[in-house]
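Student: Quick one: the structure is below, and I'll ask about it shortly.
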Amino acid sequence: MVAFLSAWPWENFGNLKYLLYAPLAAQVVYSWVYEEDISKVLWCIHILIICGLKALVHELWSVFNNMLFVTRTLRINPKGIDFKQIDHEWHWDNYIILQAIIVSLICYMSPPLMMMINSLPLWNTKGLIALIVLHVTFSEPLYYFLHRSFHRNNYFFTHYHSFHHSSPVPHPMTAGNATLLENIILCVVAGVPLIGCCLFGVGSLSAIYGYAVMFDFMRCLGHCNVEIFSHKLFEILPVLRYLIYTPTYHSLHHQEMGTNFCLFMPLFDVLGDTQNPNSWELQKKIRLSAGERKRVPEFVFLAHGVDVMSAMHAPFVFRSFASMPYTTRIFLLPMWPFTFCVMLGMWAWSKTFLFSFYTLRNNLCQTWGVPRFGFQYFLPFATKGINDQIEAAILRADKIGVKVISLAALNKNEALNGGGTLFVNKHPDLRVRVVHGNTLTAAVILYEIPKDVNEVFLTGATSKLGRAIALYLCRRGVRVLMLTLSMERFQKIQKEAPVEFQNNLVQVTKYNAAQHCKTWIVGKWLTPREQSWAPAGTHFHQFVVPPILKFRRNCTYGDLAAMKLPKDVEGLGTCEYTMERGVVHACHAGGVVHMLEGWKHHEVGAIDVDRIDLVWEAAMKYGLSAVSSLTN
């Protein structure tokens with residue numbers, strides 16, 4: 001049975017919970033449109049604005065927290081936040097709705113207070129002093145006492161406070177993630193100083209806005225998992241150790257739970273003899289080690305941006321959005337101009353940066369981002385700059401001791417760098433293994449084709465992947481219709497096949513040659529007209545970037561080749577572009593397998609057809625699994 005006040009009344013509403021703000025918004029709109037006077041509903045406007053500011057504070061702290069390229073050396077808990085924690089904290093903003101409802105009810109039940117709020121001055125120095133006094137003498141001790149009680153009483157901790165502590169890695173969103181009862185108590189803790197100021201006649205809008213926003217700001221600070229304070233600050237002014245907590249201070253509370261119960265002021269932990277003795281030493285240690293090299297990743301996936309809209313799928317933009325497969329969202333459109341400007345800035349000044357990470361069997365796996373977008377790879381004058389970025393990333397990985405670096409999508413474009421061959425030839429003494437991952441990509445596509453298929457139509461047939469697929473299938477006795485206008489390139493591939501299988505490779509120059517073939521392997525973009533040649537019931541396997549559009553309703557379409565990471569992956573909380581949770585592109589998975597196997601060779605240039613089955617079996621051995629890509 002659910003404990004009293006442990007669940008939220010709108011728990012099953014989903015995003016419809018935001019309609020609870022509607023009465024306030026409706027009140028404002030009605031007064032503005034029909035009464036042409038909003039002075040009587042200023043309190044509604046203030047509530048809505050403050051709620052928006054509170055949400056913005058959490059979002060900005062989340063952005064900062066997830067900027068690993070800025071915060072990685074100052075992180076307190078080095079673990080990553082996984083999908084389970086993100087889902088657990090999905091409705092972290094319930095408390096903001098609760099506060100809006102409580103304040104609205106108070107205003108409705110107390111018309112004098114409502115009128116007082118509508119006529120508050122912008123600033124009152126006495127009110128600021130009263131606010132500080134009330135916070136220190138009421139809010140801090142009340143919170144400390146109740147927080148400690150929730151920990152020491154087994155019933156209250158088990159049924160209430162454990163919900164907050166079930167997030168293994170502190171995050172700004174963790175700050176608001178608690179039960180209904182705890183947030184009602186927090187409303188009292190944060191509300192009494194504000195109500196007190198108003199009742200004393202010294203309230204002001206600055207006090208209300210400032211305290212409401214700073215209260216959440218400080219809560220996010222304590223949960224941000226990034227030590228932002230310099231240890232020198234507390235050495236120069238030791239008194240600050242009693243007046244303000246640090247992210248390290250509160251992280252120790254989440255790790256050990258029996259100490260550091262204060263709201264914002266460690267003074268009350270000192271008075272209650274509950275301060276963790278390592279609080280300030282650990283804080284100093286983290287700050288001093290900020291310039292030192294942290295753990296070196298065993299594997300790096302070198303990715304790049306696709307387009308401006310998908311750039312907002314980054315975890316340091318909206319964490320919840322990044323934890324779901326990418327789709328274009330209307331609410332992101334207003335951010336497009338700003339993101340476009342950021343893209344231009346990245347083009348001019350940015351270097352390869354840490355994007356995300358996870359751990360697999362004690363191997364640290366990171367994704368680094370090349371600050372370039374898809375269209376830039378097709379600009380002739382941008383080629384050198386892109387290769388310089390990729391080369392710098394490879395050399396950096398080699399210098400710090402990375403074992404394997406895998407090139408994503410366009411970073412291994414044949415015309416750009418020969419599938420990574422350029423870098424391996426230029427730096428023959430590389431210790432890091434450079435991998436394009438296309439061997440596993442080919443394996444995923446090939447193992448998806450039913451065994452009873454005896455004919456396929458292949459576009460992009462003379463590309464690196466197309467060549468490998470054609471040679472593999474012809475050995476299997478499958479007739480491969482290779483779409484290419486180049487007789488020379490076709491014959492070159494045909495000669496690589498064993499003599500007895502060469503007749504299985506057939507050159508075709510037009511799409512109508514495949515009008516009776518129901519298995520299409522697409523390595524080149526198809527227009528609706530070109531797709532129309534496929535007979536009903538055709539399945540389009542594909543390795544073209546970006547994927548072809550699904551025009552045919554009587555056909556099925558495969559997604560890009562992908563694999564699901566093993567179940568024991570830890571700290572994974574970001575979806576890779578349009579992939580489902582825990583699923584990565586096959587070239588990414590290929591690099592992981594290369595690292596796990598400890599292979600010492602570079603996988604660049606042409607795909608070794610003889611290794612396709614070997615790489616597939618290795619992937620299966622480590623628990624990676626093929627992803628069914630059959631979609632209508």
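Using the three backbone atoms N, Cα and C, a Cβ is placed for every residue, glycine included.
According to Swiss-Prot, the feature domain 'Fatty acid hydroxylase' maps to 133-274, an assignment based on sequence analysis. For 13-33, 41-61, 96-116, 127-147, 184-204, 298-318, 330-350, the entry in Swiss-Prot reads transmembrane segment, with the evidence type sequence analysis.
For each feature listed, report its degree of burial, its nearest neighbours and the pertinent distances within the displayed model.
Tutor: The average pLDDT for the domain 'Fatty acid hydroxylase' (133-274) in the predicted structure is 97.
For the transmembrane segment (41-61), same-chain residues at least 6 beyond its ends with a Cβ under 8 Å from one of its own Cβ atoms are 21, 24-25, 27-28, 31, 92-93, 96-97, 99-100, 103-104, 107, 114, 117-118, 172-173, 175-176, 205, 208-209, 212-213, 216-217, 220-221, 224, 318.
Counting residues 6+ beyond its ends, the transmembrane segment (96-116) has Cβ neighbours under 8 Å at 10, 17-18, 20-21, 23-24, 43-44, 47-48, 51, 54-55, 176, 180, 183-184, 187, 190-191, 195, 198, 203 in the same chain.
Outside the transmembrane segment (184-204), and at least 6 residues removed from its termini, the chain residues within Cβ reach (under 8 Å) are 5, 95, 98-99, 102-103, 106, 113, 116-117, 120-124, 126-128, 130-131, 134-135, 138-139, 142-143, 146, 178, 211-212, 215, 263.
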Student: By Cβ distance under 8 Å, which residues at least 6 away from the ends of the transmembrane segment (330-350) in the same chain are close to it?
Tutor: 305, 308-309, 311-312, 371-373, 376
Student: Tell me the residue counts in helix, strand and coil for the domain 'Fatty acid hydroxylase' (133-274), as DSSP assigns them.
Tutor: 101 helix, 1 strand, 40 coil
